[in-house]
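Read the structure below first, then the notes.
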Amino acid sequence: MPKEPETEYDPSLGRKFIFVTGGVMSGLGKGITAASTGRLLSNAGFDVTAVKIDPYLNVDAGTMNPYQHGEVYVLKDGGEVDLDLGNYERFLGEDMTSDHNVTTGKTYKHVIEKERSGDYLGKTVQIIPHITDDIKRRIREAAAGTDVCIVEVGGTVGDIEGMPYLEALRQFAHEEASENILFTHVTLVPYSKNGEQKTKPTQHSVKELRSIGLQPDILVGRCSDRLEPATKEKIALFCDVPTTAVFSNPDVDDIYHVPLVIEEEGLDQHVMERLNVAEEAITTTDRTNTWRELVTRERTSSVDVALVGKYDLEDAYMSVHEALKHAGIETQTEVTVQWVDSDEMLDHHEDRLREADGVVVPGGFGSRGIAGKLKAIEYCREHNVPFLGLCLGFQMAVVEHAQNVLGFADAHSAELQPETPHPVIDILPEQYDVETMGGTMRLGAHETNIDPNTLAAAVYNGTVCTERHRHRYEVNPEYIDKLEAGALSFSGQANNRMEILERSDHPFFLGTQFHPEFRSRPDRASPPFVSFLKSVDSTLDARSLNVSTSEEVQI
């Protein structure tokens, strides 16, 4: 149950709130716009946090289909949340908690529980004020101790699910001083066939927002190119905002360039002026130099990495993509990710993988595509291709070793083949009596002890790491001695649970039961991903050397 407020909220605290809504269509990039604004304010010296409102009835994102919703992002406290919170963490450099994700399921559940326990003293429980009050409470609690809280409202203005939230924001603005509240509306500005930027979708979206009682202070136009001056003027006229409050957010090749783009537009300066705050004595150029150097760092090499999974929606593996990108920044490597569908590669997996310089097998659930993942792991083991297995990828590396190295042909995971005579992967003991699905896995940050003088110790530069987990199955303790009889070893453990595996007969073969991608940041890349790319680079250098030597011999 959510914690109760420490004290009655005092609006005179002067905390600033930026509410980000979206119009015309979903998937416009509200989250990136919100996160980029937060990055710029953080650069200016403010303590910034973020809240994501998801108007669905699910309590959290844990049971949602990755095809529809993208990846389930895991927070340090075990919260299973929308992938936008991953963007907030990566842009702001802050670890969020479950309190930073507000869902209709959470809110209604809490209010109904209070009604059942008699907290409302016989009152008729309604959307207004009980649901809206709970929404406002959650936002204020998440913002505690910060200077600025950015709140993104999921979905599109006009969606029936979002109505209680927009009403709560209207009340919020009524309760706070006007200089403490700013509404940013992100909208689509498409091109017509004759190349004209069309403002009508934006006008209608703002009209819908105003009908609810909300007037945007800032309009951000998502478009393929920057908004023309005439377009900005037209939007300003019909949407009743100053021309100086209309900003472009054009398409970019790399989302980490968005803060630089909107800074050039002057959005951060406008926000600070509108909220009546003064940035620290840091010049605009100086406060973005570090971020600019980071995201524009020159790449000195390039690699192709095969990502072997079953969800063909890129967002389903967003954190893995971003972690590879972060590792590329640190190692100055241009990383091209090649999608390999594990469900369709059985007959031609060698052709698909031969072109890859390294292979990543990410997490997932269910039996579909497992045979393809096992083939990919076998290929990497036999051909000395750098391999990184995450969660399910770690478990399948254990299964592949048992089947093809130890000769247990029927070995498998009890999750995928319950009748297997050799369940080398079995359910966690504490999961035996669990009958519900949501929020019941082993979740969140846990510490792993690493054996010294191992690949894992070199990767983490130490003998302890803390990473985030999301799993219900583990390596079966009864098979550990058998599994370690060959070149495979478990070099990381947590309370007798196997957390990291590696192979002594391979240049780089690493598997982790945890998800290191969830803690990766642009300025603090995940150690397993950095070491993986370094190994890929080294392997390429060795191949190049062998080719050169071979050519010299032929000459």
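Just so it is clear, glycine is given a Cβ too, placed from its N, Cα and C backbone atoms.
Of the residues Lys16, Lys52, Lys232, Lys234, Swiss-Prot places Lys234 in the same UTP site as Ser26, Lys198, Thr199, Lys200, Pro201, Thr202, Gln203. Among the candidates Asp84, Asp95, Asp99, the one that Swiss-Prot lists alongside Gly27, Leu28, Gly29, Lys30, Gly31, Ile32 as binding ATP is Asp84. Site annotation for L-glutamine in Swiss-Prot covers Tyr67, Gly364, Leu392, Gly393, Phe394, Gln395, Glu415, and the matching candidate from Arg15, Arg299, Arg468, Arg472 is Arg472. Fewest Cβ neighbours within 10 Å among the binding-site residues Lys30, Lys198, Lys200, Lys234, Arg472: this applies to Lys200. Taking the Cα atom of each, Tyr67 (L-glutamine binding site) and Glu517 (active site) are about 19 angstrom apart. Listed recorded positions: Asp84, Glu517. The one with the lowest count of other Cβ atoms within 10 Å of its Cβ is Asp84. Once Cβ contacts within 10 Å are tallied over all protein chains shown, the binding-site residues Ile32, Ile160 are led by Ile32. Asp84 (ATP binding site) falls within a helix when secondary structure is assigned with DSSP.
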